[in-house]
């Protein structure tokens, strides 16, 4: 009975799927999907070699400090970093006093309440504070940015396919729209207020090119601030903001791996040892 | 029940005797996973995965209970509380990565366990109840994993919850009401998040309960084995301890090695980047996909694109649930008394086609719902159902199996299962030798 019912259920599913298959195939032939500019001109991020890559990767502290400087002087005008606290900057090699000074001198102030009147007010940041957002709310952010919302950057390198390489490619990948694109897709011209960027999923991004010229940020450690260098540094910095425990993770991972390797070898040897008598006994039976 | 030659628990220390007379817990353990449980001597490494799935469940419960101390099931702060765990809780990042990857490893182990069961016919009499309880655990696991994925309240959490709960809306007449009742609203929000958290905490303990029933049911007929021939004499078995505890120890070592590689060196590889974006009901992701372990079922759901008598969506939902429900009837669909596929020459190629079929479905399920993936998943879904409901009943009726070994000991002496073969025995496969040795 089960087999007969099952047989007809199976036949029913197969019939419906066959109809769906032939309908799909017919549509595919008579009405093939149009090619799109996004499909043809979208580029995958260029590989980016960072010190933190790989199972033994560690952060390059000097690079993180440079990346932080780029964030501070360029990105922070529009992008928040809400999951990172000033105290976390000690991981980049800053001393307590330096962290305190960075928090104190941060241009955007923390929202607070006037202790006397209860009115909304602002105050200077302290190391325990998280980075303050540049806009009070989403409406303010959109109003100031041509109706686009600058996303929070704390998790950016984990929230996009390609990670740090994507961030680097995106911020250094702005260019003029290729003539062949316009020739092939005349309606795909980048709309006014947007910017052509082949690394962005739909090719047109609201963010204007953030790094426009070499030397835009003055590094103090002698590194030449080319656009590519600044892009790499800020991508490294955002790798740290998204995964501050990366070094710890790698270190413990190596130790755990070695421990378990020894454990596995020992358990394998004891397994073989315990079974040896059983096998010998059988061979002699 | 156990085999008559099973060793008996004999407490030596006076305290253990005292305890045994009042609370025979050590006796229970001894008979369940100790020297008192005789196990076929020819088990291969595929039989490690029962213990490994138990380990995975324990890992999930331990890490999950601690994560729940720091997580807040409130839609305004859930995402922040996960980042708080990642950044400010001592070892929080490790616990969360262990828990997230632990779910994937749990499914890897369970899928290999199910593979072993299907290949070696462990679902057949007298072990039907073990198989049915296993399927109940599998369904509970899927529900638990789905609700767990909603908790971080990222984009994929939110939209995954929306898509999966909308499946219930496909049920005619009462569907919409059921969907609203399940979610506590018209879209996933605070009510849904809070109840998912509650159930995500509850279900693992339900699973643990069913695991106890399953082990109980397993110990009535005893473990199956690669030949599919039942245990006949004492020489066919070895005590679980120390023989299989030693082997499981090694299995656990290898399992943890692979687990550690993922947790510490590629913790986000199996996840989706969109889930690091906070849930936003106003912004639909370009591609809504569940976690990888649901991809084959998701492909079946999306394969139905044409309304035919019933709406396409309802067909998809029926097929998705049907693909697992039919497994409950497997014991009665497959009439062949032969358990191991090694001795089933006609069934074997169909079985391997089915394995490839499921992998293809998995690939399609993780891709965009566009051609050619839809057409491929339509063909693959067709084979999935045809395999179990049309091919298997016919094959199991007309098939002429290869000769089975007379006993487990005999097949071991042949060196058929290399691992448990005696020293010096060659790798003689059954069927290639006309007469059994001796």
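Using N, Cα and C of the backbone, Cβ positions are placed for all residues, glycine too.
Among the candidates A:207, A:269, the residue that TrEMBL annotates alongside A:75, A:78, A:79 as binding heme c is A:207. TrEMBL tags one of the stretches A:230-250, A:251-271 as transmembrane segment, and that stretch is A:251-271. The heme c site is defined by A:75, A:78, A:79, A:207, and by the 8 Å test on Cβ atoms against their centroid, the other residues of the chain that qualify are A:74, A:76, A:77, A:150, A:153, A:210. Helix first, then strand, then coil: DSSP counts for the domain 'Cytochrome c' (A:62-171) stand at 52 helix, 10 strand, 48 coil.
Across A:75, A:78, A:79, A:207, which the record gives as binding heme c, the greatest C-alpha separation is 11 Å.
Only residues 6 or more beyond the boundaries of the transmembrane segment (A:251-271), in the same chain, are considered here, and those with a CB under 8 A from a CB of the stretch are 55-56. When Cβ atoms from all protein chains are considered, those within 10 Å of residue A:75 (heme c binding site) total 23, not counting its own.
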